[in-house]
Amino acid sequence: FQLLEELKEVTVIDDDKEIKFDSNGDMSTSYDVLLWKEIDGHIEITTMAEYDAEKGDFIFEDEEKKKEFLDLKKVQSTCSQHCKPGQMKKVTESPHTCCYECVYCPENHYSNQTDMDYCYRCNNKTYWAPINSTTCYRKTIHFLTWTNWFAIFLLLLSAFGVVLVLSISVIFTKNLNTPVVKASGGLTVCYIILFSHFLIFLSTIFFIDEPTEFKCKTRQALFGISFALCISCILIKSLKILLAFSFDPKLQNFLKCLYKPIPTVVTCTGIQVTICTFWLIFRTPFVEQNFSIPRAIILECNEGSIVAFGIMLSYIAALAFVCFIFAFKGRKLPENYNEAKFITFGMLIYFIAWIVFIPVYATTFGKYLPAVEIIVVLISNYGILCCTFLPKCYIIIYKQETNTKSAFLKMVYTYSTKSAGSVAVSQISLDSKSSSSRATISDSCKSEKNSVNGNCHFQVPGEGLIKGKALPKNTARSMARKRLSSI
């Protein structure tokens, strides 16, 4: 301590400058103020003034340097500017650690103060921020609204479908006792099918506007059950038509075993009800927020279980395929009253619509995803409705002369005679093969052209003989009545 006290009194002279120690033991000396200039690529150092630490003042050699020094106050003395809100500091590669550069906050980050060392992240998925942002913004919520032009177009198509269903119901009700309506299964069956079409059109409403738990659970179940009911009734109609006009005994017996209208419809629809019930209980659909779009939230229905959704659609497809097979078998039945051919077309439209739907649905996202499903529902529903009922409405309105009992009986009679003749020809061929004689029917015909005893001498019912035995003249007419009563 004594040494330190003595050092405080010591004065050191260095290059004509006195160096003293203050009361704290620190050196008290002046400093030279140097000016560094770059001239033609070379650094030139000039002494501008001397700074007296004790007096806290500058000492200049002359007025010219004093003036030049005072002008230097306009020069920025920091190596970095202040960072504004929306920016953050980033340390540069300079050896001076105090130097930095200002960079913009990245997307979904923000800064709201000056010279911030880092940017804040927007607190959750419901907010977003652009680059160089000073705050976060709430994401907009997207869904297929009622006011969207495409949604309005789809709703108009559904509304037109409902009007079409009601119009068909009125036409069939006014023509209840005509052969066309009776051949369609009667008013009860037609009403059930039309009602199922009405429910399918109605189900499209639940795909539009903001999704809710009720909508997500209702729309698929309503569509699936309604479509299963519709296809089940059409399946029964196909069986009935095929049964009425089939002359093959084996096929007749098989169809009679299958043709149980009420149990079949209840069973086929009940299976779909069971599928949808298990789906809604164990893996029910729910509302989900989709964040795949950066600045928006897409509200959509998560189906809960893609497997259950696939099983529901596959079951409808299986019913439609069975219905298609039976309708295809009866596509060549009497022209004016044959709806089997049109049912075949309706099922083909259904298959094409849903085959196209699968890849489109899998590759579509966003608020227009429900619209894709609405489109395929409308196409398949319109296809089946128009193919099933519009040809009959055309006959009722524009072909009234064919929509009478006598015209219908004549048509069935003509078809029955042709079909019975075909069966007789087939039976004769089988008998000829089983006989020991190798003579063919044509050879026997050559022996006696008009012989009644030969097997070749047959005609269709009501017109002649079959296998040498005369048929009653009223056979064909009674067969026609039988077909009419079975329809």
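Cβ atoms are placed via backbone N, Cα and C, with glycine included.
Positions annotated as domain 'G-protein coupled receptors family 3 profile' by TrEMBL: 150-412.
Per TrEMBL, the feature transmembrane segment maps to 149-173 (among others). Long-range contacts of the transmembrane segment (149-173) within the same chain: residues 181, 184, 187, 190-191, 194, 197-198, 201-202, 204-205, 208, 368, 371, 374-375, 378, 381-382, 385, 389, 392-393, 396-397, each at least 6 residues beyond the stretch ends and with a Cβ under 8 Å from a Cβ of the stretch.
Long-range contacts of the transmembrane segment (185-208) within its own chain (CB-CB distance under 8 A, at least 6 residues past either end) are made by residues 144-146, 151, 154-155, 158, 161-162, 165, 168-169, 172-173, 176, 215, 218-219, 222-223, 226-227, 229-230, 233-234, 236-237, 240, 261, 265, 370-371, 373-374, 377-378, 381, 384-385, 388-389. The transmembrane segment feature in TrEMBL is assigned to 185-208 (among others).
According to TrEMBL, the transmembrane segment annotation covers 220-243 (among others).
Below 8 angstroms of C-beta separation, residues 192, 213, 216-217, 220-221, 224-225, 228-229, 231-233, 235-236, 258, 301-305, 308-309, 311-312, 315-316, 319 of the same chain, each at least six residues beyond the ends of the transmembrane segment (264-286), sit close to that stretch. The transmembrane segment annotation in TrEMBL covers 264-286 (among others).
Look at TrEMBL and you will find 306-328 (among others) tagged as transmembrane segment.
Annotated transmembrane segment per TrEMBL: 340-362 (among others), in sequence order.
According to TrEMBL, the feature transmembrane segment maps to 368-390 (among others).
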